[in-house]
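Below you'll find the structure, written out as structure tokens, and then a few comments.
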Amino acid sequence: MVIAGDGKAGAKKSRWSAGVTPYAEMGYYNADYVPKDTDILAAFRFVPQEGVEPIEAGAAVAGESSTATWTVVWTDRLTAYEHYQGKCFRVEPVPGTNQYIAFIAYDLDLFEEGSIANMSSSIIGNVFGFKALKSLRLEDLRIPPHYVKTFQGPAHGIMMEREYLNKYGRPLLGATVKPKLGLSAKNYGRVVYEALRGGLDFTKDDENINSQPFMRWRDRWLFCMEAVNKAMAETGEIKGHYLNVTAATMEEMYERAEFAKELGSVIIMVDLTAGFTAIQSMAKWCRKNGVLLHLHRAGHSTYTRQKIHGVNFRVIAKWMRLAGVDHIHAGTVVGKLEGDLHSVQGYYKTLRTQYTEADPLLGLYFEQDWASMPGVMPVASGGIHAGQMHLLLSYLGEDTILQFGGGTIGHPDGIAAGATANRVAVEVMVQARNEGKDILREGPEILEKACRWSPALAKAIETWKDISFEFESTDVPDAVAMPTIA
């Protein structure tokens, strides 16, 4: 047996002979298969165990993520077996490594309509523990429009959010309240007020602030919304605070969401750790109730960061767009968190565009047609500050939320000054871009000139001018080119 032994299959048996038959011989590898428009396509990176042939390993992934088990079973004869089995139709080596990419097609009938939980259970639910593989990573998916249309998609989307807020032509600005844990509800609200009156559009609960003994959720929300309303009255702008509704049960999450709506909040938040079903459920509630939904990708790096095992974040981005979030954290390029330029730009394309072409440079293995589904607003947060504004706008574009937590609250002249510094930086950079200037090259000079009339910006740049997070990324694109499949 190829999977368990020395890589020599021996004499080929009948497909229906009792016992163990190599996955490739059972039809899970088919080099002649031409994927259908309606197939879900997957690209898996894998490292086989010694003695396991790459084609057999790819076939095993196709089998174990669809209909196969470890031995021949007679009940296969009671199904349209060839229709339902996953089909590995191509295996490519990754140059200079011991890794391979398996391209697998799944018939749409294998998946429940409109369910991220079912799709993820099918494709990644069991196969990642398979002993015949040293490692396995789901790199990308092509989700056909036929299946895309079974999902709600973003509760509102980028354009509707801008219309809600009446804010156009620039990135939106936010800040996560710091310290994330330990503040009283009243002091928490003071941070929100200072940041919003200083020029930010949003403030945010962090992923692990829910309802702890030092600050219960209801108390926090009352003070936060008082701060939001006061800042809106003073500035004449629509403002918001991401109220984190993540809780132990869906009943509690709905209770918190309803209270947020009662208080007049334009936005709520949920953590990725709440699970796919909870996220989809809250997205449906948000569309029904006219509330924006922010997703914090808490916990994602436990399975997205490593190069050879887990799930690439571009897959999570696709799933969350289908699930229906309006915002998702997707990397900064220049901040403290993992994400090289090309990977992050690939994530942003996945979230925002209506049609994405395959692009190996950005790590995009497949084309993706979103069938007019609204886009998701990517969020850049984690170790960014006003002095990087030219880089952020150049790399990430304007349909982005830039969140400066420490870069607002850590300002030497206080929270409002930190917010003002960020607002001035984005305004001058957008103006320069609109005037046709090369902001990537001229950005430092543009900021320096703005510092002459903005003491807040000058202090921010002076404080953080020497701060950088120049570490090599653990994951950069090396996609094996995948031809467009018509």
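Cβ atoms here come from the backbone N, Cα and C positions, even for glycine.
Feature annotation from Swiss-Prot assigns substrate binding site to Asn126, Thr176, Lys180, Arg297, His329, Ser381; the stated evidence is sequence analysis. In this structure, Ser381 (substrate binding site) is part of a beta strand by DSSP.
Lys178 (active site, proton acceptor): 15 other CB atoms within 10 A of its CB, across all protein chains. Secondary structure at Lys178 (active site, proton acceptor), taken from DSSP and collapsed to helix, strand or coil, is coil. Under the heading active site, proton acceptor, Swiss-Prot lists Lys178 (among others).
Feature annotation from Swiss-Prot assigns Mg(2+) binding site to Lys204, Asp206, Glu207; the stated evidence is sequence analysis. When Cβ atoms from all protein chains are considered, those within 10 Å of Asp206 (Mg(2+) binding site) total 20, not counting its own.
Annotation source Swiss-Prot lists N6-carboxylysine at Lys204, citing sequence analysis. Its Cβ placed at the centre, Lys204 (Mg(2+) binding site) has 29 other Cβ atoms within 10 Å.
Annotation note: His296 (active site, proton acceptor) sits in a strand segment as assigned by DSSP. Long-range neighbours of His296 (active site, proton acceptor) (same chain, six or more residues apart, CB within less than 8 Å of its CB): Asp206, Glu207, Asn244, Met269, Val270, Asp271, Leu272, His329. Taken from Swiss-Prot, the feature active site, proton acceptor applies to His296 (among others).
The annotation site 'Transition state stabilizer' is assigned in Swiss-Prot to Lys336.
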Margin query: Applying a 10 Å Cβ distance cut-off over all chains shown, what neighbour count does Asn126 (substrate binding site) have?
Written below: 12
Check: DSSP three-state call for Lys204 (Mg(2+) binding site): helix, strand or coil?
Finding: strand
Next item on the list: Can you grab the distance from Lys178 (active site, proton acceptor) over to Ser381 (substrate binding site)? Cα atoms, rounded to a whole Å.
Entry: 13
Notebook entry, point to check: Tell me which residues of the chain lie with their Cβ under 8 angstroms from that of Arg297 (substrate binding site), as long as they are six or more apart in sequence?
Noted result: Leu272, Phe313, Ile316, Ile328, His329, Ala330
Notebook entry, point to check: Per the record, substrate is bound by Asn126, Thr176, Lys180, Arg297, His329, Ser381: how many Å separate the farthest pair of Cα atoms?
Noted result: 36
Checklist line | Neighbourhood of Lys180 (substrate binding site), C-beta criterion under 8 angstroms, separation at least six | finding: Asp206, Glu207, Asn208, Ile209
Next item on the list: Within 10 Å of the Cβ of His329 (substrate binding site), how many other Cβ atoms can you find? Include all protein chains, please.
Entry: 23
Note to self: Please give me the CB contact count at 10 A for Thr176 (substrate binding site), counting all chains in the structure.
What the structure shows: 24
